[in-house]
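S.K.: For reference, the structure I am asking about is given below.
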Amino acid sequence: MNKKPSKYFPSLNRTDYKNCNFLCNGFSLKPNEKKSSKNASMASKLLTTFFLIFFVLDIDLVATSMTSVSSAVEVLSDSGYLSMGLTLKLANQDLNLEDWQELTLFAPSDQSFSKFGQPSLLDMKYQLSPTRLPGETLRNLPNGAKIPTLRSNYSLTVTNSSRFGGKTSINNVVVQDSPVFDDGYVVIYGSDEFFTSPTKISDDSSSSSSIPSTTSSTGSIPIPSSATQTPPSPNIASDSTRNLPNRSKPVNRFNIFESASRLLMSRGFVIIATFLALQLEDNTSGNDTKITVFAPIDEAIPNPTTKFSDYVTIFRGHVVSQLLLWKDLQKFAKEGSILQTVLKGYEIEISLSGDILLLNGVPLIYPDLYVNDWIAVHGFNQMIVTKEKQVDVGDSITVLNNGEQEEEGVHGEYSSELGDYGLH
């Protein structure tokens, strides 16, 4: 009778199989070792995969938080809120909006900026809430509900009433109840105007029943627990100092910038006016720098969807750190002088063509558009294309930068950060 071949060794009989127990026992450990090694390898791969997924998700969450504001800026620019987009872009450097995981922004239109002027950083905080309010939530807020803002100890009040035709109203300002932008982190709503300052709301509430008092039993919207880091408060002027400038030296230069900005807004220079109004530094450092702004109209600035760093470059290329009136420019033009802009390494040549004053070949159309003791603004129908500074330029006008001469060389990499007065 033939012996059945071994399952594992078909060529060996049972006796031979017994005789090779040592060999089989020696090999019998190998599958277990391989299995153990395979399990360890699999566990290691799973652990590595887990950490990679966690790391990628963590980066993605951070990236989403950091890019939400940038995306919001672009959407604002494309949706008829260019002034608010520019303001948000620059104000973000001081307000550190990326520190907040959720935000709701109420954006006034460009017409509102022209009518009311550029808001201060303090006022900007009043347009921002550190909580996300989706459209359905906003529409269902009861009259008198409080909405927290980035402005410490001040909140917005829902003021819905029949006089607004059933539309959502906050601080007596009509707000669109459909968001312009909502990426799950940042929500933006358009508003007819800027929200009234807390002081005025407080005064109105004492004489009007349409706005509940702060002691109302109506619930308030809490600041979410995720909003744990409060952005630092910038050093800006208080509301009481925001007066129109006169010929005397002001307490701080924000007064002057704001007044000049309002004029430019009303004359069609919204982009330059926006940047000018955001120069919020005060005069406590003793910096007596005076400036001249050569302002092109909005239509002269190409492509409204250009990167905002390009807008910064355009602004800096149209500003010099000297107070130059129309008569001064005429004098320099006769001398063939060259002005150094605050865009380091770039300059503007002043010349005459008959009786027309040219800056790098661009005619000056609106001389002395705005002038006081610290700032002069001249208007142009075209952008001034600044030229790279040459090594030997002859007799040029020296521009001081906080008491130090402007650095030589071509401006290689443009920064979106604005220094003192945003000019260097």
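Placed from the backbone N, Cα and C atoms, the Cβ positions cover glycine too.
From Swiss-Prot, here are the annotated features:
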COMPBIAS  199-226  compositional bias 'Low complexity'
COMPBIAS  227-246  compositional bias 'Polar residues'
DOMAIN    56-194  domain 'FAS1 1'
DOMAIN    250-384  domain 'FAS1 2'
CARBOHYD  Asn153  N-linked glycosylation site
CARBOHYD  Asn160  N-linked glycosylation site
CARBOHYD  Asn246  N-linked glycosylation site
CARBOHYD  Asn283  N-linked glycosylation site
CARBOHYD  Asn287  N-linked glycosylation site
REGION    199-246  region 'Disordered'
REGION    405-424  region 'Disordered'
TRANSMEM  46-66  transmembrane segment
S.K.: Roughly where does the domain 'FAS1 1' (56-194) sit in mean pLDDT, to the nearest integer?
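M.R.: Across the domain 'FAS1 1' (56-194), the average pLDDT comes out at 82.
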S.K.: If you count the other Cβ atoms within 10 Å of each Cβ, which of the glycosylation sites Asn153, Asn160 comes out on top?
M.R.: Asn160
S.K.: In which DSSP state, out of helix, strand and coil, do we find Asn160 (N-linked glycosylation site)?
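M.R.: It is coil.
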S.K.: Give me the CA-CA distance between Asn153 (N-linked glycosylation site) and Asn160 (N-linked glycosylation site), in Å, as a whole number.
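M.R.: Cα-Cα distance, Asn153 (N-linked glycosylation site) to Asn160 (N-linked glycosylation site): 22 Å.
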S.K.: Per DSSP, to which secondary structure element type does Asn153 (N-linked glycosylation site) belong, with helix, strand and coil as the options?
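M.R.: Assignment for Asn153 (N-linked glycosylation site) reads coil.
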S.K.: Give me the DSSP three-state residue breakdown of the domain 'FAS1 1' (56-194), ordered helix, strand, coil.
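M.R.: Split by secondary structure, the domain 'FAS1 1' (56-194) comes out as 60 helix, 28 strand, 51 coil.
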